[in-house]
Structure formats: C-alpha cells, structure tokens
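Have a look at this one.
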Amino acid sequence: MTLLQALILAIVQGITEPFPVSSLGHAVLLPALLHWDLDEHAPMFLPFLTMLHVGTLVALAGVFWRDWMAILGGMFGRYGSYRQMEAIRIFGLLVIATIPAVLVGWLLEHRLRAVFGTPLAVAGFLILNGFLLMVTEWLRRQKGHRDHKPIATLAPKDAVIIGIWQCLALLPGLSRSGATMNGGLLRGLDHETAARFSLLMAQPIVLAATVREAWQMRHMTISHDIMVQCVAGAVVAGLTALICSLVMLRFFRNHDGWALTPFGVYCVLAGLFAGAVILL
C-alpha cells in the first residue's frame, strides 16, 4: 500500500464512519473499483486499520465530549438527583442497545464477512442500505413523527430494537450508523437525536475493536514506512470524521423531514454503479 492509497482510504473512512453509507462497504468497493492490489488480511494492514479506528474514535469523542461528561458526571453526581437518574438511564440504554450486536457479532461476524464480503455482494447490500434509509423516511412520514423525543425517554424495549437494527451492519454494505438511525427514527426520535444516539453507541464498539486489534498485533514489528502510513491515516481519518460528524448533525437538525433520503439515493446509485463496473 502506498502513502497516497493510505490517505485516500483514511479520507473515505472519515467520511463514511459517521454518515449512514457503510464505511466497511466503501473500504471493500473502492480498492476493487480502482484495481488496487491490497491484501486486507495481510499482517501489516492491521496496524493501519487500528490507527484509522483510533483517529475516528478520537474525533467522535471530541464531538460528543459534552454528552459523555453529562452522562458520566451525572452518574457520579448527587445521589438520587434527577440529573443522576437521567444519566444512569441514558448509560443503561446505550449498554442495552449495544448488547445484540456484540452477541451476534461474536457468533457470526467472521462467517458473514467470509460469505458476503465479495465486492459484488457488498454492492448489493449497499443498494439495500439505500432502500432501507428511504423506506424508513417514508414510514416515519406515514406515522407523522415530528416530535423531538429526548434519548432519556426511550424505553429499554426501544434500545433493544435499535440494537437489533445494528446487527444488520454485520453484513458488509449495510451501514451501522444508518441501521441504528433507522431504528431510532422508527422509535420516535428526530434525525439529530437518532444520529447522536447512534454515534454515542458507536464509540464503545470502535473502542472495543481498537483494543482487540491492538492485542492481536502486540508482538508485531512495524516498519517505518508502515508507521508513517498509520499516523498519517489516523490524523486524516480523525479530522475528516470530526468535520463530517459536525456537518451531519447540523444537516439533520435543519432537515428533519427528509434528512436520510439523499444518503439513500446515493447508496442505491453507488451500489448500482459499483455492481455494473464489477460485472462488466
């Protein structure tokens, strides 16, 4: 992998991690479409992947540091206060929503990616991701959801349902953030709140993936060239994810009636284009 390829992958990771368009799907399709000879299973690719996760994790933590301070500070605040009860409830909802994907991922993640990780399959799932985003918008309009329901008002059942939606992202091409936003919207959240809950959910999962990858490469010797790619990739992915997260939250705040639709259209068109190129 060249430095230019590393930077392009970092930019794509930073853009697609917060947006509901599947970061994993783009990571599979882009090298295939550009005919890059990359072996993502090579030992030297793991440090690069880990540092991309570190970059996006730091970016997301930077965007949502006030949320985490409110949650963690509230949990250890004055005993029995409303702020403490609300913080404990939100933290509990995040834990509940994370459990389904952790369990299913532990059992099936590698098998699903081995079976459905081909570029053509990913293109198909990217098209499906787009349709799911657009169908969710249509269903939400049919139900007349125009309220601004806070995260703390979700029931544990709502968190479980959002967590089940997240399991779809184990299929390459289906977006994790898109799936959880779909679940949040259908449980009564507005677009900005659904995105906020989705990206708060993402951070423990990205952290767990980073720790796992770091453990796997604990005995690895990393060359200077790979280290340069890793550091550059982390910085670029982090800055890109930071900007895109802020842009996305603002966009969702100002376009609550149809915010997922453009992403849905993009996924369908991108999937069709990628599938056509692969087949031809």
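Note: Cβ is positioned from N, Cα and C throughout, glycine not excepted.
Annotations per Swiss-Prot:
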type	residues	note
TRANSMEM	1-21	transmembrane segment
TRANSMEM	45-65	transmembrane segment
TRANSMEM	90-110	transmembrane segment
TRANSMEM	115-135	transmembrane segment
TRANSMEM	151-171	transmembrane segment
TRANSMEM	226-246	transmembrane segment
TRANSMEM	260-280	transmembrane segment
Checking distant contacts: for the transmembrane segment (226-246), what same-chain residues at least six beyond its ends satisfy Cβ-Cβ under 8 A?
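For the transmembrane segment (226-246), the nonlocal Cβ contacts are 1, 3, 6-7, 9-11, 13-15, 17-19, 44, 47-48, 50-52, 54-56, 58-60, 62-63, 199.
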Could you give the residue numbers and ranges of same-chain residues that sit at least 6 residues beyond the transmembrane segment (260-280) on either side and whose C-beta is under 8 angstroms from one of its C-beta atoms?
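Residues 19-22, 29, 32-33, 119-120, 122-134, 136-137, 173, 175, 178, 181-182, 185, 191.
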Cβ under 8 Å to the transmembrane segment (115-135), counting only same-chain residues 6 or more beyond its ends: which ones?
20-22, 24-25, 28-29, 32-33, 168, 171-175, 178-179, 182, 260-261, 263-272, 274-275, 278-279
